[in-house]
Structures are given as structure tokens and as C-alpha cells.
Amino acid sequence: MMQKICLLGATGSIGRSTLDVIAQYPEQFELISVAANASVARMAEICRQFKPKRAVMGCAQARDELAALCADLDTQFEWGSEAMESIASDDCDQVMAAIMGFAGLRPTLAAIRAGKRVLLANKESLVTAGRLFMDEVAKHNVTLMPIDSEHNAIFQCLPQNEFGATKRDVANILLTASGGPFRTFSYDQMLTVTPAQACAHPNWSMGQKISVDSASLMNKGLELIEACWLFDVTPADVQVVVHPESIIHSMVAYKDGSVIAQMGNPDMKIPIAYGMTWPARIETNVEPLDFFKVSQLNFEAPDLERFPNLKLASEAWYLGGTAMACLNAANEVAVTAFLKEQIAFLDIARLNQRVLEHSEIKAVNDLEAVFAADQEARALAQQLIASEFA
Ligand code: NAD
Ligand code: MG
């Protein structure tokens with residue numbers, strides 16, 4: 001059966017891998033709508049190749065430029081967050097949520113409320129809205145497919161049907177981390193690293209924000225929280241294991257001592273294709289894993305002294321309420337400032353900690369609480385950058 005796909009964040013790294021899968025199976029997937037922020041030229045290419053019905057850009061100017069480039073197409077060109085929510089809930093079967101950061105929350109929730117199959121790459125939306133997000137998933141009976149490679153792996157390693165093991169048989173989750181480009185750097189070396197160094201990930205090619213997050217281990221912190229919401233566990237049930245080769249994408253340990261791992265070459269097309277076809281599988285054009293080429297798999301404990309973000313994420317989970325939205329907001333501001341070379345790399349975690357300490361943590365009873373916490377934490381982070389970090 002043909003699946004109609006809405007792709008949010010079409011011009012990004014996950015967007016590109018998703019388009020590769022769609023292009024490989026034109027008889028199975030149809031790209032019905034797309035959204036992106038500002039990359040007009042790339043969006044024009046996508047519209048020419050896939051001819052979606054609707055294309056949404058972040059602002060009116062980007063929409064106008066795109067419409068001018070693609071005047072001969074039948075695509076309807078729109079802009080703004082309401083239009084993004086509209087395509088996510090319009091005629092489609094699956095929504096790939098691959099917008100970067102907190103900006104993805106509203107359209108992802110719109111997809112959930114419309115009962116679509118949601119392919120979740122945009123971890124920040126789940127991290128910040130947590131309980132509300134999962135309540136909506138349950139209420140609308142949504143199939144939520146984790147696309148983050150680790151969570152996709154955990155999903156594959158957990159018991160999936162009524163036969164055999166159950167969740168009660170799980171001992172713990174082993175969340176793997178590459179360790180990022182600064183894994184072997186000393187603290188002193190980390191004092192002076194540049195955005196270009198932070199964005200040069202050893203195993204994955206990704207957007208800038210998640211690349212910096214991988215370098216600071218904030219990505220693993222966000223993923224720890226993501227795992228807690230997705231799989232109904234707490235940080236005490238999740239052990240972070242640094243595994244520099246990124247061949248094992250995560251593992252589940254069972255009470256009898258068995259450990260089940262999901263492996264493969266590091267390519268996001270694998271979790272994306274699985275998300276789109278689950279419970280079936282399709283071929284991808286990813287190179288098969290060759291163990292003789294890999295030859296060695298290594299493991300080590302994360303260093304929380306050099307990478308305090310991981311500890312902060314766990315603290316935010318136990319603080320609960322708006323703490324996770326505050327931490328995420330602080331981090332988004334910090335990463336932007338680091339990329340603009342306004343603060344140093346190690347300031348990212350320091351700023352995150354300061355914002356978390358100085359935010360008033362409130363209960364999350366509605367979405368407004370999440371947005372208010374996000375705004376306050378952003379303002380506080382900006383203020384701290386101006387007064388203490390610049
Ligand atoms: P990216 O920077 O390459 O792309 C981001 C996409 O979001 C772009 O299409 C951009 O136009 C769009 N976007 C950004 N701000 C927007 C806004 N305000 N409104 C609408 N669209 C906006 O990022 P990416 O690496 O593709 O990551 C996207 C999401 O997937 C992130 O949440 C990231 O954490 C997650 N993720 C990525 C990877 C990966 O391998 N790249 C792996 C796991 C999870
Ligand atoms: Mg990941």
C-alpha cells in the first residue's frame with residue numbers, strides 16, 4: 001500500500017536520508033508535503049524532484065523566493081508554523097519529524113493529534129514536552145517510531161510482541177555513545193576547540209546543532225531523557241556506554257544475563273527505513289556490516305568531569321516538570337552562541353548548569369507551561385552570556 005509522507009525538516013541531514021529512502025521506493029512512498037526553514041535552493045531541488053502537493057518555508061520571504069524558482073510546478077507554497085502544523089495533520093499517513101530543536105514541537109504534536117504514524121527524529125520535542133507528548137501519543141493511539149539510531153536500536157532489542165520475553169524481563173538499557181570528536185582530548189585541549197572541530201564528527205555526518213551536542217555529550221543527555229520517556233524507564237535503568245566505532249547502536253540487557261545489541265554501519269537510512277516500514281523491513285543501499293573490516297569494538301565509561309552535560313540531563317529528569325525544557329532551551333542558546341564564537345566550548349555546559357540552577361521549575365500541566373519555561377530559560381541564558389560569558 002502506498003504510504004503518503006509528510007517530511008518536516010526536508011532540507012536537513014535527516015531530511016536528505018529520508019528522501020533517499022523515498023526515492024529508492026517510488027511505488028511504496030509518495031512525498032506529499034515538505035517543510036524547512038530557510039534553504040530555498042535546496043527546497044527548490046526537492047520540489048522539482050518529488051513534486052509534493054504542499055511546501056512550507058519558515059518565513060514569507062523564503063516562501064516567495066521558492067515560489068518564484070518553482071513557478072512552473074503545481075506545488076502550493078506556504079510559510080509559517082501554522083502551515084507546518086497544517087501539513088502535519090493534512091492528508092498523509094506518516095510524518096517524519098526532523099525539524100531541528102524546540103521549533104519542531106508544535107508540528108510534531110499536530111501530527112500526533114491527527115493520529116499519523118510519527119517518525120521521531122526531533123528528540124528536543126519529546127525531551128521538552130515529555131509527559132504531555134506521551135499522553136497525546138496514547139490518547140490518539142499513535143504509532144511512534146524512534147528514528148534516533150540508539151532508540152531505534154533499543155526498540156528493536158526490546159520484546160515486541162506478546163510471545164516470549166516481556167518488559168518485566170529487562171534488566172537495563174545500554175545506551176551507546178560515540179564519545180564525539182573530543183573523546184580523547186584533555187580538559188586543557190577542550191578549552192580552545194573551535195566550531196569546525198566540534199562539527200567534525202568521527203562517524204556520523206549530521207546537522208550543526210546535533211554535531212555540537214554530540215561533541216559536548218549533551219546529545220547523549222537529551223537521548224537519556226528521550227529513552228526514559230519512550231520506554232517508560234528512569235535514568236537509573238539506563239547505562240551510557242561509550243563505544244567509539246558506532247557499530248552497536250544500543251543494547252538491552254535481560255535478567256537472565258543475555259544482552260541483545262542492534263548493529264550496523266552508521267547510516268541513518270537504516271533506522272529511517274525501519275521506521276517507515278515496521279514491522280516489515282526493506283533493503284537499503286547501506287553497505288553491509290563487514291566484521292573483518294571492523295575487527296574491533298571498544299567500550300569505555302563516559303567522563304562526567306569533562307562532559308558534565310550528561311549529569312545535568314539526569315538531574316533535569318529527576319527535577320521533573322519544566323526542568324528539561326529549561327535545560328534544552330539553555331543548550332540551544334549556548335550552541336548558537338558557540339557556533340558564532342561568542343562563548344567557548346566548555347562554556348556550553350557551564351551555561352546549561354547556571355540556567356538549570358537559576359530557573360524556577362514548575363509543573364507541566366499544559367503546553368503553555370513548556371513554552372513559558374523555554375522562553376524564560378532562553379532569556380536567562382542570553383542575559384548570562386552578555387554579563388558573564390562574553
Ligand atoms: P539539520 O540542521 O541538518 O536540519 C534541520 C532541518 O530543520 C532543516 O530542514 C531546517 O530547514 C529545519 N528547521 C530548522 N529550524 C526550523 C524552524 N524554526 N522551522 C522549521 N524548520 C526548521 O539537522 P538534522 O541533523 O537533520 O537533525 C534534525 C533533527 O533530527 C534534530 O532534532 C536532531 O537532533 C535529530 N537527529 C538527527 C540525526 C542525524 O543523524 N542528523 C540523528 C538523530 C536525531
Ligand atoms: Mg542518536
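Using N, Cα and C of the backbone, Cβ positions are placed for all residues, glycine too.
Whatever TrEMBL says is automated annotation, not expert-curated.
Under DSSP, Glu124 (NADPH binding site) is assigned to a helix (H, G or I) in the three-state scheme. Take the CB of Glu124 (NADPH binding site) and look out to 10 A: across all protein chains shown you find 28 other CB atoms. Look at TrEMBL and you will find Thr11, Gly12, Ser13, Ile14, Asn122, Glu124, Gly207 tagged as NADPH binding site.
In sequence order, Gly180, Ile210, Asp213 constitute the residues six or more apart from Asn219 (1-deoxy-D-xylulose 5-phosphate binding site) in its chain with CB-CB distances below 8 Å. Per TrEMBL, 1-deoxy-D-xylulose 5-phosphate binding site is recorded for Lys123, Ser149, Glu150, Ser178, His201, Ser214, Asn219, Lys220, Glu223.
Positions annotated as Mn(2+) binding site by TrEMBL: Asp148, Glu150, Glu223. The Cβ of Asp148 (Mn(2+) binding site) lies under 8 Å from the Cβ of Leu120, Ala121, Lys123, Glu223, Glu226, Pro271, each on the same chain and at least six residues away in sequence.
Residues or ranges marked as domain '1-deoxy-D-xylulose 5-phosphate reductoisomerase N-terminal' by TrEMBL: 5-130. Residue counts for the domain '1-deoxy-D-xylulose 5-phosphate reductoisomerase N-terminal' (5-130) under DSSP, split into helix (H, G, I), strand (E, B) and coil, are 62 helix, 27 strand, 37 coil.
The annotation domain '1-deoxy-D-xylulose 5-phosphate reductoisomerase C-terminal' is assigned in TrEMBL to 144-231. Per-residue confidence over the domain '1-deoxy-D-xylulose 5-phosphate reductoisomerase C-terminal' (144-231) averages out at a pLDDT of 94.
The domain 'DXP reductoisomerase C-terminal' annotation in TrEMBL covers 263-379.
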Of Gly12, Asp148, Glu150, His201, Asn219, Glu223, the binding-site residues with C-beta less than 6 Å from an atom of ligand 1, in sequence order, are Gly12, Asp148
Taking only the Cα atoms, work out how far Asn122 (NADPH binding site) lies from Glu150 (1-deoxy-D-xylulose 5-phosphate binding site), in Å, as a whole number.
13
If we count other C-beta atoms within 10 Å, could you say which of the binding-site residues Thr11, Ser13, Asn122 has the fewest?
Ser13
Which has the fewest other CB atoms in a 10 Å radius around its CB: Lys123, His201, the listed binding-site residues?
His201
In the same chain, outside Asp148, Glu150, Glu223, whose C-beta lies within 8 angstroms of the Cβ mean position for the Mn(2+) site?
Lys123, Pro146, Ser149, His151, Asn152, Leu175, Asn219, Lys220, Leu222, Glu226, Ala227, Ser250
What remains of the binding-site residues Thr11, Gly12, Asn122, Asp148, Glu150 after requiring a CB under 6 angstroms from ligand 2 is Asp148, Glu150
If you compare CA-to-CA distances from His201 (1-deoxy-D-xylulose 5-phosphate binding site) to each of the binding-site residues Thr11, Ser13, Ile14, Glu124, Gly207, which comes out shortest?
Gly207
